[in-house]
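To start, the structure under review is shown below, and the notes come after it.
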């Protein structure tokens, strides 16, 4: 009789992650905080605890004592498909890791489980499976021509051919959310910062692939990282600036892992860069904003990398800004709902999470809801529009540009 093979495998899980699966005490603290669980109407399968317990059951059926004695118990395909849907119904925001009493690194775990399933031919979710082909072929997820990478650059913006500082625009800002790119470039010019850009040599950072469990597909993410690092080196980069939290996280955390070496340049978010200039008294403001502003921490910038204070420092020093905090901030903020491929794969769920976050902002009576990420901005705008709320959603760098008397159009 042919030997039965397990329905799942452990090849993509580290020894630590296997121990973490066993360390969950089922306390349920993560369930109270999970944004997608709440936005789904408390669908049990989306709860972090439930996902860990179900995978633990799968492991027991495949590799437990009974499985060793009598062979693995087959896990119905329908169960695996349902689990795939639930593990992809997560923004990988990381709040469950923050509140976990057992210290489980859930963000890494969810991504490992997604990769495990994709390798078995289960997943990713919906149109997320187009990411490797699109990004591999076009070097961006929007099927845009690479020759158009710098089409957004207005005549008044000066870009050096080579410079110590390189602005990595990102696909979203460079193709879709041009106000973010305008603001960043003009602010750098205004402050006398000489900077270069990669132009058509800038490829996608790979975040969308990594977050959705497709880090291994055709080796695309590693090739993206390798190409971008080499292109940045050719530009003479000593410091690379990012206005996109997703690109920033991918470059700072994922690229070194993919390449197996430290990056030969410093990775800095533009909020950190501006905060340092303010501390050195190198910014001369020209206009008072005179608005009440609250701030949403992007998960990729905040919980994933630990940049919480710089954006707040910048906002609090913009003339006329009355800065107010929402109820859930910093390590305990509520996700905007766009991350982890949820905006692309399950837009209704992403919108539900965004609506919850917009309600947090409305409770502060702020005029402006700001953030440091184009994905957060897009989804928060969608949440605002869905709720028909009269509130401006702007990136911090856009507010800085306005206070410097600059256009963002």
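From the backbone N, Cα and C atoms, a Cβ is placed for every residue, glycine too.
Residues annotated as domain '4Fe-4S ferredoxin-type 1' in Swiss-Prot, with sequence analysis given as evidence: 14-44. Annotation comment: Swiss-Prot describes 24, 27, 30, 100 as [4Fe-4S] cluster 1 binding site. Annotation comment: Swiss-Prot describes 34, 90, 93, 96 as [4Fe-4S] cluster 2 binding site, evidence class sequence analysis. As annotated by Swiss-Prot, domain '4Fe-4S ferredoxin-type 2' applies to 81-110.
On the structure: features taken from Swiss-Prot.
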residue	record	CB count, 10 Å
24	[4Fe-4S] cluster 1 binding site	20
27	[4Fe-4S] cluster 1 binding site	13
30	[4Fe-4S] cluster 1 binding site	25
34	[4Fe-4S] cluster 2 binding site	25
90	[4Fe-4S] cluster 2 binding site	30
93	[4Fe-4S] cluster 2 binding site	31
96	[4Fe-4S] cluster 2 binding site	28
100	[4Fe-4S] cluster 1 binding site	23
Cβ-centroid neighbourhood (8 Å) of the [4Fe-4S] cluster 1 site, 24, 27, 30, 100 excluded: 25, 26, 28, 29, 48, 49, 52, 96, 99, 101, 102, 104
Predicted model, mean pLDDT over the domain '4Fe-4S ferredoxin-type 2' (81-110): 96
Helix, strand and coil counts within the domain '4Fe-4S ferredoxin-type 2' (81-110) (DSSP): 17 helix, 0 strand, 13 coil
Pairwise CA distance, residue 90 ([4Fe-4S] cluster 2 binding site) versus residue 30 ([4Fe-4S] cluster 1 binding site), rounded so that it is a whole Å: 13
Non-site residues, in chain order, whose CB comes within 8 A of the mean position of the CB atoms of 34, 90, 93, 96 at [4Fe-4S] cluster 2: 30, 33, 35, 36, 37, 48, 91, 92, 94, 95, 106, 110, 335
Conformational class of residue 34 ([4Fe-4S] cluster 2 binding site) under the three-state DSSP mapping: coil
Spatially closest candidate among 34, 93, 96, the listed binding-site residues, to residue 24 ([4Fe-4S] cluster 1 binding site) (Cα to Cα): 96
Whole-number Å value for how far residue 96 ([4Fe-4S] cluster 2 binding site) lies from residue 27 ([4Fe-4S] cluster 1 binding site) (Cα to Cα): 12
Alpha-carbon distance [residue 93 ([4Fe-4S] cluster 2 binding site); residue 100 ([4Fe-4S] cluster 1 binding site)] in Å: 13
Cα separation, residue 30 ([4Fe-4S] cluster 1 binding site) to residue 93 ([4Fe-4S] cluster 2 binding site) (Å, whole number): 12
